[in-house]
Amino acid sequence: MESRKPEWFSFWTGEDLSGIFPGKLRKKIMQRILSRCRRRNFPRTLSSTHRLIFRRDVSASAEGGVDSFSADVERTYRILRKFHSRPPKLALALRDSGVELRPGLVERVISRCGDAGTLAFRYFSWASRHPDHQPSPGAHRAMVRVLSKMRHFGPAWALVDEIRRETPDLLTPDLFIGLIRRFAAARMVAKAVEVLDEMPKYGCEADEHVFGCLLDALCKKGSVKEAASLFQDMKEQFPPNLKHFTSLLYGWCKLGKLMEAKFVLVQMKDAGFEPDVVVFNTLLGGFAAAGKMEDGYELLKEMRRRGCEPTVVSYTTLIQALCSRDRMDEAMLMFVEMRRNGCAADAVTYSTLISGFCKSGKVDRGYEFLDAMVEQGLRPDPSAYFHFFASYEKKDKLEECLELMSKMSKSGCLPDLSIYNIVIRLICKLGELKQAITIWNEMEASGLSPGLDTFVIMVHGFVEQGSLIEACTYFKDMVGRGLFTTPQYGILKDLLNALLRDEKLELAKEVWSCILNNGCELNVYAWTIWIHALLSRKHVKEASLYCLNMLDAGLMPQPSTFAKLMKGLKKLYNRLIAAEITERVRKMAEEMHITFKMYKRRGVRDLEEKAKAQAKAKRKRKKEKSHRRRFNHQHSRNPSNQVDPFDEETYIP
């Protein structure tokens, strides 16, 4: 039996409008209703009415010829942005969105979230609990990668353990390689090596490929010494191959340690491996980084003598080094030589030359190479345009930036995050905050998810212009998306100090609570910024309470913080709180084997030195100001001292 429709159903579907409005007007009214629904993305209350709106939105997109899969990804992302801080409502919104959990959707949504790991994790958790869906191996890999990138290694390992219990077939070496790379990026070498040891417990054996990825990750992130030691220790377990030697060679060359790089070459030859074009290009990169261009030229000749013809990477490496040193004439000679030797330039070569000309102030020459790039059948990517924006930013040329963005979009090359970062920073610098919001919305509408740098630029811009409420809104959004995993001390200090200077104490407390409630890692420096900001505006009681919270978290305040707090409490005659803080700090000092007397003395000394430095800087500024005022006064009183450039007698010897 067909279920009876609610009374409001016919109104929302437009079925009951036929008797009131004619066809064209009825259609126009429904389009207006649906467009308003789309602009609001999702209603505040979840009901069957809203479910119906979502379903009609889906069908409208399909009828309009829009890719339904992309539309589902975008709709899901909008829901995550709106309800990520309210899990119960988020679950309802996702359930009632009308979006079907199809294969590949979870990976696409995780990718759409970008660096916003919290949004990605909430969606993955919801999808994993869905009765009709099981996330694919790609989704699991993507989620482990996101958690590792956020440095939430505990949850990442917990997810791997869950996969082992429920679907062990999904465990692949690629999953563990992702963990290895993230540990290496965090300079946690021991943890990266530990992944190698843990793999057999999960039914995955570590082979030469996995070990090679470990060496590669360590060398690319600067832990070359540890990688070389590991290479020597594990020669028996993992026989060396050419990739292992190339990774070590790259690491030493990147650090500019050419003697160590040459030793790796000797080891490689002793092991029976002949250098290939990748090895030669790595060495070229080392010579270029060290500024030894003559050695680089000689190596090019050596490659030809050995029958190893230089590739476009070989030439571009040297061109890049010359451009970075503003030796554009030599870079052009290398470009001509490359073309003469039958090696066609690629997009990276042209982008490198564009970069060099823009940095040297020759933007017109940069555009010439952009046109030449198109003539050669190469499609410019955002990196080719980036250097024009960087050049315009230095000269505050906003109109040129916006015009170039429009040109890019028309040519089918959409600006990337790095370009939006430049444009938003310039707009904020010029004080055009409404335009900054417009560009931000355009960026998100184009499918880009703002990263940490984008949020920091936006918050800093609003703080500089005194729009503190908007700055807090963007800051909270950044924290809520999981982008504030480790405190950005600069922007945190600027925002909190600006709020307290403007006597917005409650708003500053909201910002701090937002950081705490979202599980951000707060170390001593973050607490110090907050407590010092409170003390600088004479909020001693609040600073004392937060100091106690800091002690509850197992963190000991810095000596200068303790001394400043005691000084403020002494003025307020608040001996009870002072005694409690002192006693707890004393106990913590004993546990850490620190002499409490020395701790107190150091705090007082640091405070005195800081006060002296501030007083000295103040006297210097006052003296300079007085000198300028006196000079200007004398200059205005004695116009005869001024030299008239048109007075011929001035130049008579």
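Glycine is treated like the rest: Cβ placed from N, Cα and C.
Automatic prediction, not curation, is the source of TrEMBL annotations.
Residues annotated as compositional bias 'Basic residues' in TrEMBL: 613-636.
The feature region 'Disordered' is assigned by TrEMBL to 607-653.
According to TrEMBL, the feature repeat 'PPR' maps to 207-237 (among others). For the repeat 'PPR' (207-237), the model gives a mean pLDDT of 90.
For 241-275 (among others), the entry in TrEMBL reads repeat 'PPR'.
Through the fold, the repeat 'PPR' (276-310) approaches residues 242, 245-246, 249-250, 252-254, 256, 258, 261, 265, 268, 317-318, 320-322, 325, 330, 341, 343 of its own chain, all at least 6 residues removed from its boundaries and within a Cβ separation under 8 Å. According to TrEMBL, the feature repeat 'PPR' maps to 276-310 (among others).
Look at TrEMBL and you will find 311-345 (among others) tagged as repeat 'PPR'. If one looks beyond the repeat 'PPR' (311-345) by at least 6 residues along the same chain, the residues whose Cβ comes under 8 Å of a Cβ in the stretch are 277, 280-281, 284-285, 288-289, 291, 293, 296-297, 300, 303, 352-353, 355-357, 359-360, 362, 376.
What TrEMBL lists as repeat 'PPR' is 346-380 (among others).
DSSP labels the residues of the repeat 'PPR' (381-415) in these numbers: 26 helix, 0 strand, 9 coil. If you look up TrEMBL, you'll see 381-415 (among others) marked as repeat 'PPR'.
For 416-450 (among others), the entry in TrEMBL reads repeat 'PPR'. With a cut-off of 8 Å between Cβ atoms, the residues of this chain six or more beyond the repeat 'PPR' (416-450) that come close are 74, 77, 112-116, 382, 385-386, 389-390, 392-393, 396, 398, 401-402, 405, 408, 457-458, 460-462, 464-465, 467, 470.
Across the range of the repeat 'PPR' (241-275), the DSSP-based residue counts are 26 helix, 0 strand, 9 coil. A Cβ distance under 8 Å defines the sequence-distant neighbours of the repeat 'PPR' (346-380), meaning residues of its chain 6+ beyond its ends; these are 312, 315-316, 319-320, 322-324, 326, 328, 331-332, 335, 338, 387-388, 390-391, 411, 413. Here the repeat 'PPR' (346-380) is broken down by DSSP into helix, strand and coil counts: 26 helix, 0 strand, 9 coil.
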